[in-house]
Amino acid sequence: MSSPHELPLDTPILFLPCTEAFNGLTEKERLYAHHLSRASWWGAFVTFCQSSPEASDIFCLLTRLFRSQPLDSLKAQAVEKGVVTEDEFQSLLIYYSGLVYNCGNYLGFGDRKFVPTITREQLLALVKLSKAYLECSDKIIQFFNRAADRMYDLSDDKKFFGMPPNGITMYFSSNCTQKDAELCKEYMTDRNIEAWNTRLIKHEDGDKVLYDIRLASVENGPAEGITRKEDLFEGHSFTITRGDYSDVLKEVVKELALAKKYAANDNEVKMLDKYIESFTTGSIEAHKDGSTYWVKNKSPAVEVYTGFIEVYRDPSNQRAEFEAFVAMVNREQSKKFDTLVQKAEHEILPLLPWGKDFEEDVFMRPDFSSLDIMTFASSGLPIGINIPNYKDVKEEQGFKNVSLANVLSSRSGDKSAQFLSEEDIALREKFGSTSLEICVGLHELLGHGSGKFLRRKEDGSLNFDPATVKNPFTGGEVSFYESGENFQTKFTSLSSAYEECRAETVALYLCLNDDVLDIFNIPSEDKEDIKYMLWLDMFYAGIKGLEMYQPKQGQWGQAHSQARYAILQVGLEAGHGLVQVKETVGKDGLPDLLLTLDKSKIATVGKKAMGEFLRKLQVYRSMGDAKSGNEMFQRYSRVGDDGDYPFGKWHEIVTRKRRPRMILTMPNSRVQDGKVELVTYPAGAEGNVTSWVERFSPSEHDAIEDMLTQFMLTRNQARE
């Protein structure tokens, strides 16, 4: 790869299959899925607006270019005129595929900006010879002029997401600083306001500063219990307004209302009613109510969740990216997860090393399903999810775990690996898919689904007995979360990586139990190999995760990568030859690395080290002891140039051997004569581009251009 900020020609672009699962639906269920899918794809434009100032304009520019004429025709013209070569044209299709897959021009996994490999001048020349230019030159040139400079800008403060002036973020206006973010967090905590669906806009008028907390909603203007007029806090003025992404959310709401006609039961109707209310008014409480009905809707044929869900991309881990998925339940695959849920409370959770004082009093048995994804509109596809992320809903109503089966199988199709011996690569080819499935199941259900938060309830009482629950490290009293505080507000920017690390370590710890492996039908003769592979893959991911480390900024760009690197450091610190990383010379004569794991030490040295680490992770999390927890986690996250394992120096080796991440193309659905058809596409960039061109009608594409332009040009204007 010529640059870490370009997507190479060998980027794998695969189609995500779900036809068999879709064909298993009734016609009513297909209509339900169709309208939910449409709602999700409309919602993707919220995510574009949350990505970067230029992302929406780039989308409008390139989509207009590609929808104006067949791709082969455009390519033939461009190559014949000498504007680009065939490979350069292909590189632009790959760039666009990356743009729509990540819902922006920053990678969903790693937060790194990517730019076209063709030059600005080549892109302009391509635009000018296109049919799009002939049809409406003013429009497409307008998009080019707004997008081009920022599209290619790789200044240090534009390379990654982050808080200004060190990075780019759309969750704060560009004049906000870390100090402003902290002040806003304190205000919202004091007023018991949650930041999920908000942005912070700082209005400056001479010496006067007004902080505008802007809610996402269809409606504008004041609303009792939702918006606030100017509110003083510690000498600073705050206001809460609404109307962000209004035009886009209006389309989301329309499709949700159509989907409601085909809902299977009362829970689905009430769920959609509350989603509609939340997106219309800006109320997070309405979305929590919708999430409650979603949790109660057990094992539906069509699964959907939509809203402002994950906080990974907000520099302060408070504000969430819009996300929506639609999927069909794979009932056969779900059976093993049902068994895992049944055994969790009494047989598996007691195995965890922190004791009952720091575990939930009652395990809220979740619905754990294996899903085949039809639509996933966000900045990338995970392989497993534990939601909702509202801790109060989880504690009072429960949660759901989902394993994304078709995504998992697509990911596990890539058996390539660096930094491993030939023997380990062969073993990974044999057991990698199975071990990954086990890891996802344990991570989501027993990782994210375990552990108690010691807190003061709204009535002033505590959810634990302070006379008996003591700090196991000091023997003294425990700290706890006061009303209005939560894990994100206490652990702030490290909260996501810390929680992912805890969940991954739970998977490592529990996979060593043979009874757990029995749930996944692992033959006795394969159990030790599966344990070995799960641990090896985790340490391997710790090395690969260095790709997501930003040396100049001294920070991590991806929570999961930071988490796995920290786990690798725990393994190395354990010593006794458990895990080792050595610098070697590769076949190309350049420096390389070799990771080795002593299989015989996993159940002894490894289990002891991970158990102690996991206990600290959970106890600090339970007590809201962000000082101790973050100090420990930052120590294990440090990337240094010294010692036996100079990962700061080895960062160059890892990034040099980086391989492109997979892009997945998803189907469309359309209604013909009252029947829903699933439209599939071939693998490759052309299929991906076509899927997005066909996702909306020409008039809808025109409307998308108008609504995105309107939002981006007015996004930071003052509102009542």
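Glycine is no exception: its Cβ is also placed from the backbone N, Cα and C atoms.
On a predicted model such as this, the values are computed, not experimentally measured, just so you know.
Listed features, source TrEMBL:
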BINDING   His443, His448, Glu500  Zn(2+) binding site
ACT_SITE  Glu444  active site
Residues within 8 Å of the His443, His448, Glu500 Cβ centre (excluding the Zn(2+) site residues themselves): Gly384, Asn386, Glu444, Gly447, Glu499, Arg502, Ala503, Glu504, Val506, Ala507
Cβ atoms near Glu500 (Zn(2+) binding site) (within 10 Å, other residues, all chains): 23
Packing count at His443 (Zn(2+) binding site) (other Cβ atoms within 10 Å of its Cβ): 26
Residues near Glu444 (active site) in space but at least six apart in sequence (CB under 8 A): Phe368, Gly384, Ile385, Asn386, Asn401, Val402, Ser403, Ala503
CB contacts for His448 (Zn(2+) binding site) [other CB atoms within 10 A, all chains]: 22
